[in-house]
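S.K.: Sequence annotations record features per position, and here TrEMBL assigns transmembrane segment to 137-157, 177-196, 234-256, 262-281, 317-334, 376-395.
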């Protein structure tokens, strides 16, 4: 066999050239020229990127060298066929191009071919992993709320107790949206809904035979254990309110000034109805006995199942979600009918989140159409502040910007003369 350079190249590309030269295979006569132009453009781009293959070698004097070669080097057109094979592997992600940057120069090296390895996920691990991440998401929400509450308490102490107490009641709603976000609050609410939609089964012995029994049917349950179980159900029902917080925050653009009137009622409606439903009609399990066998591997493995036990109820999930949506709609329509022409909210500052704008109490914190925000409520709203004389420095965590508000000295003296001492410690949102 002739292994010369020209003969080898001609043998490799002769069949491909004959295939492309056959006009009967392509109905569009412009297809081959179009592909040729695209190939030339791609070859030019790869050439300008200086993609190389490298190899270690020894000289006749036994010196070690690193030899490199640009795959589309115009001086070696006979290598272009192999270069296209390498480029196709690169395009199909079976090869990579790595750039090594040195003090003197750099080199772009084409790696060896690597086959992708795929593996299927064990379906038995999915519920465990999902529960693991949801648990830590709930712990994250609780930790952030506790930290915000502690920080607000510190500001409350430093400002001698001048705070709007009603704003502190809304720490879950406002701080949850501002500091944590709707996504984590939604995950926490779904976790509570799933718990309320699941029946807990335990193994109980009856005549030396063990069988599964629900927690509410345990014969030797003490009054303390029953009270604890009912109390846990009551707390879990309260966690469903997080979904109400998320939905009401999304709908504030429509409910506007009716928000503070209906969200308070909605919260207690969701909590109460979810608790009553879980007490009166707890979720029940279902069990089916039906032996089925399937061949996992012919003549090797037979998989059989005697039945299934379902401890969760999808209908209960939809019922709890329906309670949230229905409570919001009912409470809002009630307030809309009760007060058809409710005036808009008085505080209208860009420093306030949508939740704080509508649920914060402005009654004693307005002066000449300027809303004064006490530092503890500002922390819940995502604003960290510090005051030097009559200048307030604020870090707005919602947009990560620092703002400076300077209140005139004459204005502060007038507030002091009028006995408005709580406004002296509050931030005047005069934007």
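Here the Cβ of each residue, glycine as well, is placed from N, Cα and C on the backbone.
Just so you know, TrEMBL annotations are computer predictions that nobody has curated.
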S.K.: Which range wins on Cβ pairs under 8 Å with the transmembrane segment (262-281): 137-157, 177-196, 234-256?
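M.R.: The stretch with the most close Cβ contacts to the transmembrane segment (262-281) is 234-256.
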S.K.: Under 8 Å between C-beta atoms and at least six residues away from its ends: which parts of the chain pack against the transmembrane segment (376-395)?
M.R.: 148, 151-153, 155-156, 159, 163-164, 167-168, 170-171, 174-175, 178-179, 351-353, 356, 360, 401-409, 412, 425, 427-428
S.K.: So which of 137-157, 234-256, 317-334 is most in touch with the transmembrane segment (177-196), counting Cβ pairs under 8 Å?
M.R.: 234-256
